[in-house]
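Per TrEMBL, the features are:
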COMPBIAS  28-40  compositional bias 'Basic and acidic residues'
DOMAIN    132-303  domain 'Amino acid permease/ SLC12A'
DOMAIN    487-676  domain 'Amino acid permease/ SLC12A'
DOMAIN    690-808  domain 'SLC12A transporter C-terminal'
DOMAIN    821-926  domain 'SLC12A transporter C-terminal'
DOMAIN    955-1067  domain 'SLC12A transporter C-terminal'
REGION    28-60  region 'Disordered'
REGION    102-122  region 'Disordered'
TRANSMEM  151-169  transmembrane segment
TRANSMEM  176-196  transmembrane segment
TRANSMEM  208-233  transmembrane segment
TRANSMEM  261-278  transmembrane segment
TRANSMEM  284-303  transmembrane segment
TRANSMEM  416-436  transmembrane segment
TRANSMEM  482-501  transmembrane segment
TRANSMEM  561-582  transmembrane segment
TRANSMEM  594-611  transmembrane segment
């Protein structure tokens, strides 16, 4: 126990605890809540996130009470005390912490300040004894112990029964250890196992397993009700049966119908009791538990008494076959009345009416003797030796006792009803599934003792007699009790009723907890209830599902169903503990220390094994249900961040994978474009060209890495909120366009610098982008500032320097959306220079998407005069065959030709425009008019620039006052400059173009003519993007060359490789 020493500091200011009063608190998870009454609760924020009602920060009312914070000893922190409370305030808040969940009505009213001042109804609190201990006891001493444990011992034998108990109870014991660790690792509000699993493994696993656990608890209530009705109709009031068998072989169906009717009536009555109030359930539970304890004591007392005075329950045997005892009076073929021997009722059952000497009787009846054996030999009889091994039976097989003399003879079918027979086929796996619900709370010692006790006191054929037909319809375990079998019958009836009430009480609350978490949208309605939080709608659904179990009407068929759901829940409890232990998350600090990840894995393995041992098809169905719920929550449910272990496991796996990727660059066979998509946002922070994201999603199809980046111009401290808004806008657009990837927004003083930062820093380790996608700078010709297109060229240079591939979709607004389908058309690839095979790989990736799937691929290459075009075509076809790419191949011959007058004129106008904007210093309006004279007649429609100058650099505001000193020399020089302006313009008109620019323009014009001629109707044209000039003085000419190269094409993708091979012919 740590020791604390409190050292008082004398000060004139009031005590820190005195200043606590009246302070409101801020919960960092939901700053909109205001808790004026200092009561901590666990509530919901309206989106399903539980607020484990923070004793931490709140500043809702701090503005009017700042003086309470400021004292002389904490002056250094006084500016933050309104959002960060003092330790004394925190501790006083923690003292008042409670984990009792509010009702739905309380939560709704607490969101209103006016309603929160009113006193809300208090939700009923069942406490540890009534809410936990009692339901577990009633489950332990429940329906399986009273109705099926003796039958399990008789069928499986003592050895295999102990093995069943050991397997089931070991599973629950290991799960209890794991659950203890999780439960002591913080406060667990309403929801129990569901809350632990969901907060440990995430909402998907938590929701799936939580619903399975809810279904298991609901079917448990049906099982207990069926057990109660079986006791009622078989042992208490058999005359209450409504349906009766019309033939001897129809008794089973009549019994099932009786179970359905009375089970539905009992379920309705119990649902009414639960609806009226939990307090009535608690009051009845005490009475039920008293009956259970008396019943258990009577069994032990009867077992002890049987050592000296065993109870009289004789069993009538015909040969070695067990007879149904209530169908005749005397266990003999004949009886003596006076001095006359007459036929007994048993004789009349097996023989036709007539003289005894000539009567026609059943062969087996004639050839075998009738004997009586003791049904309860007692502890000292040594019957345990006969009951050590199992005796599994098929349906309809007659119960026989080994060791009794019997002559095998034919027996008439109509006499079959006289024998005690098996109602179902039994096996070890079936018994495991039936017994497990009882093991959910039973300890090994208690179960082992019961198995050995029953096997030591009761005859084997009586143990295998499920309904006590051989002991005059008495409950088998009741025959062992003292002073009367009725003690067990009544006690077991009340025990099953109480357990059913507890299950019917707990299941709706579990569903309400799942609904309040809001992880499954269609369950929201079940989160509401009465004013005190009672789950009315959840109770209604629980009753309907339980009715399905009642309609099954067989205890032996319902028990394996809930075993599957419970085992699945236990499996994930163990998994949660193991994952948290192995990950060693900082928050994993359970107070329960006696756990280990190996024990959790062992428990998880046993749960999985028991699921398939007991019923493999039920296990597959249960796992299928959980899987469907998991996928539904994954795709449709609300996203939650609960700090779960699966997220931690994902982080560990991601770290491991990233470290593995650091070993070296990916092999060519594994290369795929990992995209960095550079987006431009408008003034309202909306994505200006969303089709860039559409193109990225079609190219990636959910595979590989996609990073969407953008740049906000400004200062980080001032633009942080704008950056977050931009990031959210991009994420929303990514979701709309179905782009699976990451978003990165940076703030930089210049857009150009921000783009460089993105290219350098995006990604992590080996998971970095290798391809940059950026839009075309539309309207660069109309822009007065060269920065509009210099940013684009600078980005091209940066990607080249970083050895990254580059893709520039031109006319991206005309690209297809994800909802369009091309039913025909071509994707044309113009392979002019080899830069790693990007041009071959990109169409193949695009054709994987449904938009481009039906398009054909055509590859064009250019042959010069000295090239063998026929051989080139053959070689290219062979190369594509080795690449496993289907495409048409065409070789285009380009003949040497003189430079046309059009090319010369085009080059001249380009250089005149560049020279004019570079040399002439005119006003904005004058420069626009002069530039319009030499602007290209083929310029595109005005569109917004990708990186316009307004967003790139902030133009400094001119000073308020400009002082200039004019001299005579300056005035004359200014006058000469104005007079020389017309001469400069005439020189500009007589400018001769540079020959290198003429050659480049000639290439662009000739290539454009060929491409437009062959691919004017193509769905998409891919071509090599030439690199920018080494000399930055020719940047504007480079833009003009690209414009000329792509003129007249609707959709163009300019591709520039990253300097490495990205496609290979090898496997």
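From the backbone N, Cα and C atoms, a Cβ is placed for every residue, glycine too.
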Is it true that the transmembrane segment (416-436) and the transmembrane segment (208-233) have 3 or more Cβ pairs under 8 Å, skipping pairs fewer than 6 apart in sequence? no
Taking contact to mean three or more C-beta pairs under 8 angstroms, with sequence separation of 6 or more, is the transmembrane segment (261-278) in contact with the transmembrane segment (482-501)? yes
For the transmembrane segment (208-233), out of 284-303, 482-501, 561-582, 594-611, most C-beta pairs under 8 A are with 561-582
So what's near the transmembrane segment (561-582) in sequence-distant terms, Cβ-Cβ under 8 Å and 6+ beyond its ends? 171-172, 174-175, 178-179, 181-182, 185, 193, 196-197, 200-201, 205, 209, 212-213, 215-217, 219-220, 223, 433-434, 436-437, 440, 549, 588, 595-597, 600-601, 603-604, 607-608, 610-611, 614-615, 618-619, 621-623, 626, 645-646, 648-649
Averaged over the domain 'Amino acid permease/ SLC12A' (132-303), the pLDDT of the predicted model comes to 84
Note: vs the transmembrane segment (482-501), the recorded stretch with the largest number of Cβ pairs under 8 Å from 151-169, 284-303, 594-611 is 284-303
Residue list, the transmembrane segment (151-169) vs rest of chain: Cβ under 8 Å, 6 or more residues beyond ends. 384, 387-393, 426, 428, 431-432, 434-436, 439, 442-444, 447-448, 451-452, 454-455, 458, 460-466, 476, 606, 610
Long-range environment of the transmembrane segment (594-611) - Cβ separation under 8 angstroms, sequence gap at least 6: 167-168, 170-171, 174-175, 177-178, 180-181, 432, 436, 563-564, 567-568, 570-571, 574-575, 577-578, 581-582, 618-619, 622-623
